[in-house]
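Step one of this worksheet: look at the structure below.
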Amino acid sequence: MGGVEDEEPALKRMKLSSKGLVALSNGSSSKEPVGGLSRDFMARPLPSKGDEQVVGSKGVIKKEEFVRIIAKALYSLGYGKSGAHLEEESGIPLHSPGVNLFMQQILDGNLDDSVATLRKIAPADESVVRSASFLILEQKFFELLNREKVMEALKTLRTEITPLCINSSRIRELSSYIVSPSPRLDIGRVKSRSKLLEELQKLLPPTVMIPEKRLEHLVEQALILQREACPFHNSLDKEMSLYSDHHCGKDQIPSSTLQILDAHDDEVWFVQFSHNGKYLASASNDRTAIIWEVGINGGLTVKHRLTGHQKPVSSVSWSPNDHELLTCGVEEAIRRWDVSTGKCIQLYEKAGTGLVSCTWFPCGKYILCGFSDKSICMWELDGKEVESWKGQKTLKISDLEIMDNGKEILSICKPNSVLLFNRETKDERFIEEYQPITAFSLSKDNKFLLVNLLNQEIHLWNIEGDPRLVGKYKGHRRTRFIIRSCFGGLKQAFIASGSEDSQVYIWHRSSGELIEALPGHSGSVNCVSWNPANPHMLASASDDRTIRIWGLNSLHNNYQNVPSNGVHHYCNGGS
């Protein structure tokens with residue numbers, strides 16, 4: 001800055017720059033004043049509040065804070081002379097004289113003096129002062145022990161640390177070092193006063209000591225907010241620059257039909273990609289399910305046709321490792337299939353009642369099933385019943401999920417309610433809607449639930465703690481059938497849904513903005529699934545007996561020769 005050149009990176013220097021984080025061992029001291037300024041090169045006092053100025057076109061950035069943060073960044077990057085020059089030229093010191101003195105006392109080992117100085121520079125909040133004093137005196141305690149001054153260390157513990165009435169368990173731990181000194185001694189703390197200074201910095205208010213990497217944090221935060229606000233951001237390859245505002249185009253959204261899969265002989269009711277994105281499973285009114293394999297070039301081909309159900313197949317569920325698949329017949333039975341061979345390896349059924357839903361436990365050792373008598377049952381893979389929950393736990397037509405912790409079960413227990421049931425504590429939480437619920441979908445991080453309603457709305461609920469409604473999505477059509485929606489795209493930033501008007505709808509999750517309505521199907525779109533491993537691949541299942549694979553327009557030409565069940569199909573919005 002101003003033509004001043006630095007001699008070498010800060011990490012190679014033994015003096016302390018203003019950031020106060022250079023490796024200084026006990027017994028060593030820095031003779032350079034903290035702040036990076038020589039004794040004859042000190043900054044002028046901070047301007048009074050009446051002289052406070054702002055910078056930027058919006059008038060919200062205080063000049064003093066802005067300059068101090070820039071100076072802090074310069075020192076952190078190793079540009080010590082530039083940081084010092086900025087302090088001198090602006091007249092705005094990075095730290096007040098009192099803070100500089102405090103930091104120097106810590107690094108020089110004048111710990112008693114630093115406690116006294118702390119009370120002068122710290123805020124009126126006594127708890128902050130006590131917590132900071134505890135850290136300093138703990139350092140003093142260890143340094144005394146390290147110099148084998150056991151009685152002085154004991155006196156410090158009894159007369160200085162204990163009266164602070166902070167962290168009694170830590171005080172007992174410190175006492176153990178007196179009773180039986182051992183290699184368990186906190187050597188890292190003994191050797192590094194700069195580490196102590198770093199911890200103190202986290203305790204003290206930012207107006208006293210600016211947090212480390214504050215400028216970097218602000219810039220990262222701005223970039224992330226821009227990315228999250230971008231309605232079309234859906235690619236890891238999209239670089240972000242400080243030189244311009246972030247913006248993506250619609251070309252990042254899978255809006256072009258790349259493939260039509262027509263191996264089913266009747267309406268397709270359900271589709272779901274495997275967790276690794278290598279397979280797609282579909283369920284149909286033709287009483288079959290099909291496992292499709294995603295090729296290297298992204299094209300899908302039939303791997304196995306799964307037959308054996310006596311009634312239409314309503315849903316499927318992939319095992320956690322994607323090696324097995326569950327298929328659920330409508331009020332019939334559940335079958336477990338080996339994905340590699342296509343063989344049925346287990347049949348689950350219960351006399352006098354039909355099965356309506358199924359899912360896997362996260363460990364992969366058990367399955368969870370919903371029954372037409374409104375009960376839920378947990379089974380071992382060999383069909384042995386482990387536990388059953390009676391009463392109105394699920395409806396005749398219901399989705400079923402379990403959290404990744406294997407404890408909390410989600411089901412539609414009443415027409416307007418989703419039950420979150422802890423199978424260990426028996427605690428129950430509820431999501432109460434004002435309209436009947438037709439389906440739901442759990443986010444990958446288990447923090448959100450997407451709920452489809454009878455009135456053609458989709459609601460997003462935050463289910464951490466007490467459930468709360470955080471988003472609504474509208475525009476699709478639903479009058480007669482169960483229409484399913486899903487999370488998807490990069491970091492699940494989008495919501496996709498089927499619709500009875502034969503289109504696929506896509507919304508931006510955060511803003512709720514409808515960004516695409518994709519035509520192409522000729523019947524109701526019953527279900528959609530976004531490939532979890534490929535944010536540019538979306539599948540939709542329809543009453544027109546087909547599954548459409550949606551992708552980017554730029555990939556269209558790559559799919560012109562991809563076969564599906566022996567027939568070449570490609571298109572771009574039409575059939």
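The backbone N, Cα and C atoms fix where each Cβ goes, and this holds for glycine too.
Feature annotations, reproduced from TrEMBL:
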{"type": "DOMAIN", "residues": "95-152", "note": "domain 'CTLH'"}
{"type": "REPEAT", "residues": "261-294", "note": "repeat 'WD'"}
{"type": "REPEAT", "residues": "306-347", "note": "repeat 'WD'"}
{"type": "REPEAT", "residues": "494-517", "note": "repeat 'WD'"}
{"type": "REPEAT", "residues": "518-554", "note": "repeat 'WD'"}
**Request:** Give residue numbers and ranges for long-range contacts of the repeat 'WD' (306-347): same chain, 6 or more residues beyond its ends, CB-CB under 8 A.
**Result:** 266, 269-270, 272, 274-276, 278-279, 281-291, 354-360, 362-364, 367, 369, 372, 381-383, 396, 399
**Request:** Grab the same-chain neighbours of the repeat 'WD' (494-517) for me: Cβ-Cβ under 8 Å, and only residues 6 or more beyond its ends, written as numbers and ranges.
**Result:** 228-229, 231-232, 234, 250, 253, 255, 450, 452, 458, 460, 471-481, 483-488, 523-528, 530, 538, 540-542, 544, 548, 550
**Request:** With DSSP as the yardstick, break the repeat 'WD' (261-294) down into helix, strand and coil residue counts.
**Result:** 0 helix, 19 strand, 15 coil
**Asked** Between 0 and 100, where does the mean pLDDT of the repeat 'WD' (518-554) sit?
**Response** 96
